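These features come from TrEMBL:
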- 38-57: transmembrane segment (TRANSMEM)
- 130-151: transmembrane segment (TRANSMEM)
- 157-175: transmembrane segment (TRANSMEM)
- 182-202: transmembrane segment (TRANSMEM)
- 217-239: transmembrane segment (TRANSMEM)
- 360-382: transmembrane segment (TRANSMEM)
- 388-407: transmembrane segment (TRANSMEM)
- 419-438: transmembrane segment (TRANSMEM)
- 458-477: transmembrane segment (TRANSMEM)
Amino acid sequence: MAEVKPEEISHPPMEQLQGFEYCIDSNPPWGEAIILGFQHYILALGTAVMIPAVLVPMMGGSDGDRVRVVQTLLFVTGINTLLQSLFGTRLPTVIGGSYAFVVPIMAIIQDSSLAAIPDDHERFLQTMRAIQGALIVSSSIQIILGYSQLWGIFSRFFSPLGMAPVVALLGFGLFERGFPVVGRCVEVGLPMLILFVVLSQYLKNVQIRDIPILERFSLFICIALVWAYAQILTAGGAYKHSPEVTQINCRTDRANLISSAPWIKIPFPLQWGAPTFSAGQSFGMVSAVLVSLVESTASYKAAARLASATPPPAHILSRGIGWQGIGILLDGLFGTGTGSTVSVENVGLLGSMRIGSRRVIQISAGFMIFFSMLGKFGALFASIPFTIFAAVYCVLFGLVAAVGLSFLQFTNMNSMRNLFIVGVSIFLGLSVPEYFFRYSMAAQRGPAHTKAGWFNDYINTIFSSPPTVGLIVAVFLDNTLEVKNAAKDRGMPWWVPFRSFKGDARSEEFYSLPFNLNRFFPPS
């Protein structure tokens, strides 16, 4: 057997992923860009529909209220996505609803003063106003941490070794929204999963007019085909005698969104009435804002790689967090029923399509705003069974997790110190939130249940987030365990040039503000 040369088995670390057709500042033709943007819009519908579907009925809201909340959430998602892509990090990220806010929102819903309101619609309005007030107050945390550059300063403690588990847990930590949901309707979810993998990977080289159409538009094609298949099953009576749970997850006519949606309705600030403010509820909501901060930071790191850009400098990261705080403020003013964070599934879609263009995301934001005002049309797309989205999540969340693991190429993984940090942080990042989830399901309350409600929300929210637990463990260990001579092993030499805006010449290409605004807001 011939001797293997070292250069044949080694792969030098690379700050930017290769093989992307369009990177952050290059744009596909307008026709392709519109279809690609529509795919991002369709994907964002999953979370935009699911969160109100869970929370609004518990608040006492009707189907009409649920539709209005979905419309409002999509409308504000479009606005926040545009603001972030224009003036924030400028990365191609969708800023949508976040599950991190569910725990403190549930605490508000269960507040005795609100739960005792006998009229359902009045209880919904009062609860929504309380949620709005808590979001408005807590948004100040991200605004302050972002625009004061405090989060950027703190990010200097991040190394490739420390961020690898955090970004990986961003994907791995969402496994509950993957195949466990697909399993609720296997006859719809499994074909979607298999078809999406086959079209986007095995048949990705099929081209029409030099366009890899199956790789680039596989999400749109797969959803259209499987949605039509699910419609045939529903119309044919396949679920006529099935259990209620099966019908909810499989049928295409159970969402009751289209009949409840108005033809035209433009969301506007304070549409539910004047927000109400409570110190305890606001303190509790701060915990979700901090979790959103961590998850978004990890998402920005992943999106930068999947957009074929360099890691965002500390100044850019802070700027993005500041604008995200403004996004949560808008959530509170409009009444979306939840706060915002970076959509992980849309970050994964960048890698699946190999399209990291900023313009595509901005077009998707236009679709969100447009269809949220045209209620009937938006509700039509929003009635896609969530099982179909869950099948896609199995691929996209896995892609994001793999991007996190790719940061390990900058580190020395032959070091026992590094193996310990990565292994323990990933394990605890999965295990601790799983404990909190199982405890909450069994006891109908979180493990923290003291008389101080805001404290309970802090503990139960923070330790239910895999990336947040991973960040606490990984960054602490990485900055306290045998640090003296570990800079090279941690991968710090690779990331030092990206700490400041002027540390790498490519930063100006990727992250400069539009309209020559850098004259007024010079980067540090």
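Note that Cβ sites are derived from N, Cα and C of the backbone, with glycine treated the same way.
TrEMBL labels come from automatic prediction, so no person has curated them.
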Dominant neighbour of the transmembrane segment (182-202) in 38-57, 157-175, 360-382, 388-407, 419-438, by Cβ pairs under 8 Å: 388-407
Cβ pairs under 8 Å between the transmembrane segment (38-57) and the transmembrane segment (388-407), at least three: yes
Region pair the transmembrane segment (157-175) / the transmembrane segment (419-438), three or more CB pairs under 8 Å: yes
Cβ-Cβ under 8 Å with the transmembrane segment (419-438): same-chain residues at least 6 beyond its ends: 161-162, 164-166, 168-169, 172-173, 176, 408, 413, 446-447, 460, 463-467, 469-470, 473-474, 477-478, 481
